[in-house]
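According to Swiss-Prot, the features are:
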type     : residues            : note
BINDING  : Cys25, Cys27, Cys30 : Zn(2+) 2 binding site
COMPBIAS : 48-58               : compositional bias 'Basic residues'
MOD_RES  : Lys28               : N6-acetyllysine
MOD_RES  : Lys50               : N6-acetyllysine
MOD_RES  : Lys51               : N6-acetyllysine
MOD_RES  : Arg52               : asymmetric dimethylarginine
MOD_RES  : Arg53               : asymmetric dimethylarginine
REGION   : 1-48                : region 'Transactivation'
REGION   : 1-24                : region 'Interaction with human CREBBP'
REGION   : 22-37               : region 'Cysteine-rich'
REGION   : 38-48               : region 'Core'
SITE     : Trp11               : site 'Essential for Tat translocation through the endosomal membrane'
Amino acid sequence: MEVVDPNLDPWKHPGSQPETPCNKCYCKKCCFHCQLCFTRKGLGISYGRKKRRQRRRTPQSGEVHQDPVSKQPLSQTRGDPKGPEESKKKVESKTKTDPSD
């Protein structure tokens, strides 16, 4: 074992840090570059704060790409356009006229 200068801080000891800086590459060689690279790249563990994704906001300028709601066509109502009351009356009249029981 090499003799280490006791006046040096532990993180400055020779061999404590790799000669090359860490990079963003995820190849096998770079994953085993140092302990920090191994935990981040090899194991995928990161203890940093997660950044929140910002929602897209509409531009504040007068240029809007959508038509206003008033110009859009009204959606078609499904089913009976007359309404539920008249359809109930039809059902009641059919049950009274059909004595199939």
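Cβ coordinates come from backbone N, Cα and C, glycine included.
What you are looking at is a predicted structure, and each value in this text was computed from that prediction instead of being measured.
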Across the region 'Core' (38-48), average pLDDT on the 0 to 100 scale: 84
For the modified residues Lys28, Lys50, Lys51, Arg52, the one whose C-beta sees the most other C-beta atoms within 10 angstroms: Lys28
Number of Cβ atoms other than its own within 10 Å, given for Cys30 (Zn(2+) 2 binding site): 17
Cα distance (Å, whole number) from Lys50 (N6-acetyllysine) to Cys30 (Zn(2+) 2 binding site): 23
Residues flanking the Zn(2+) 2 site, with Cβ no more than 8 Å from the Cβ centroid of Cys25, Cys27, Cys30 and excluding those residues themselves: Asn23, Tyr26, Lys28, Lys29, Cys31, His33, Lys41
Using Cα positions only, nearest of the recorded positions to Arg52 (asymmetric dimethylarginine) (Cys25, Cys27, Lys28): Cys25
The region 'Cysteine-rich' (22-37): DSSP-derived helix, strand, coil residue counts: 7 helix, 0 strand, 9 coil
Cys25 (Zn(2+) 2 binding site), number of other Cβ atoms within 10 Å: 12
Using Cα positions only, nearest of the recorded positions to Lys50 (N6-acetyllysine) (Cys25, Cys27, Lys28): Cys25
